[in-house]
Amino acid sequence: MLELLEKTAKHNGLILAFAVVGLVMIVSMQLSRRLTMGRVHGSAIAILIGLLLAYWGGVQTGGKQGIGDVSLFAGLGLMGGAMLRDFAITATAFEVHVSEARKAGLVGVVALLLGTVLPFIVGASVAWSFGYRDAVSITTIGAGAVTYIVGPVTGAAIGAPSEIMALSIATGLVKSIMVMVGTPMAARFLRLRTPRSAMVFGGLAGTVSGVSAGLAATDRRLVPYGALVATFHTGLGCLLGPSLLFFVTRSLVG
Amino acid sequence: MIIYGTAILAVCHLSGIFLGDLLGTLLGVKTNVGGVGIAMILLICARLWLHKRGLMPQTTEMGVGFWGAMYIPVVVAMAATQNVVAALRGGPVALLAALGSVLVCACFVSMINRTERDAEAGDAAATETEAETDNRVATHRA
């Protein structure tokens, strides 16, 4: 009986992965609502649980693919692999409305560029000061400081090893959680009052989950403006990370 | 049909990745240069073009929308298959890099937003010190 169940699971790896991730999401949404009163977005908690599962898998098997090395959960490797990940990220561009985006205007573009370049410089500098000397690692960690999507997309494109990718995701995740929790508290310092200020914030803070959760907890009316600019953030980061930023980094560190 | 939307997405994705690889080869690096970003731009263009010609019914849009909505679950699966054990050996890199970039960006947001003319600008100076304390508390808690 148990053997038969295991066989079903192993032969339907990707389908099992959908069920497992669905379970993780529902648990995270409940935790978000009950424990943090919606202040920390459910998706951030879900990713945190994902990283914990990866840690458990790594300790259990000694492998490099987190829980994907546990044969029962090999399907998660397919679901979270480069193919489906890039496919899903590309699809998010569909939600961008160009006419609305034009309203953000010049200030939104400036904020977006700063929001990509500044975190990258900080992340890359921290990586450098901790002894990472190769352009691939420095770029991947720097890109992780932009968002937890830009990090792995950049890392995958320039061929970063898995532990650097995990570090990069962890950086973006910590940043996202800081933005979610910190935004309502720092709202006055940030001058978050008008749609324009929300767009500036969305461009500079970047992570869509961080921005939308942070603004929702500050002032619900500001959410669409911040999220609108932030949706461009991932695309811009994915475009600049493996290209311009990588080349500049490589020319600097040799 | 829903598959039309997914097919449009697939074509944009493949073209973007191909152009990214091509760009990488032309630039002399053996990597993909901005493939996903190019794919996203292609998708936005395709959507505008098809929409203008009325070739984008709701069901077609759903074929793309589904995958867009799947990106957080896919990222969760991706997180679950990373080499976290090795990353933790990297020490406080993640924490410092995140904290640093949040602080730098917060300062810039504040600076840019201070240039905006605001009817309530009068009370800004009074609350400034307090707000900065708030910010410090925020980063500590995070």
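Heads up, the Cβ atoms here are built off N, Cα and C, so glycines get one too.
If you look up TrEMBL, you'll see A:6-252 marked as domain 'Malonate/sodium symporter MadM subunit N-terminal'.
As annotated by TrEMBL, transmembrane segment applies to A:12-32 (among others).
Annotated transmembrane segment per TrEMBL: A:38-58 (among others), in sequence order.
Sequence annotations record features per position, and here TrEMBL assigns transmembrane segment to A:70-94 (among others).
According to TrEMBL, the transmembrane segment annotation covers A:106-128 (among others).
Annotation comment: TrEMBL describes A:135-158 (among others) as transmembrane segment. Tertiary proximity for the transmembrane segment (A:135-158) is limited to same-chain residues at least six positions away from its ends with a CB under 8 Å from its CB atoms, namely 47, 82, 85-86, 89, 115-116, 119-124, 126-128, 164-165, 167-173, 175-176, 206-208, 233-234, 237-238, 241-242, 245-246, 249-250, 253-254.
What TrEMBL lists as transmembrane segment is A:164-186 (among others).
Summarising the annotation, TrEMBL assigns transmembrane segment to A:198-217 (among others).
Positions annotated as transmembrane segment by TrEMBL: A:223-248 (among others).
Averaged over the domain 'Malonate/sodium symporter MadM subunit N-terminal' (A:6-252), the predicted model reaches a pLDDT of 85.
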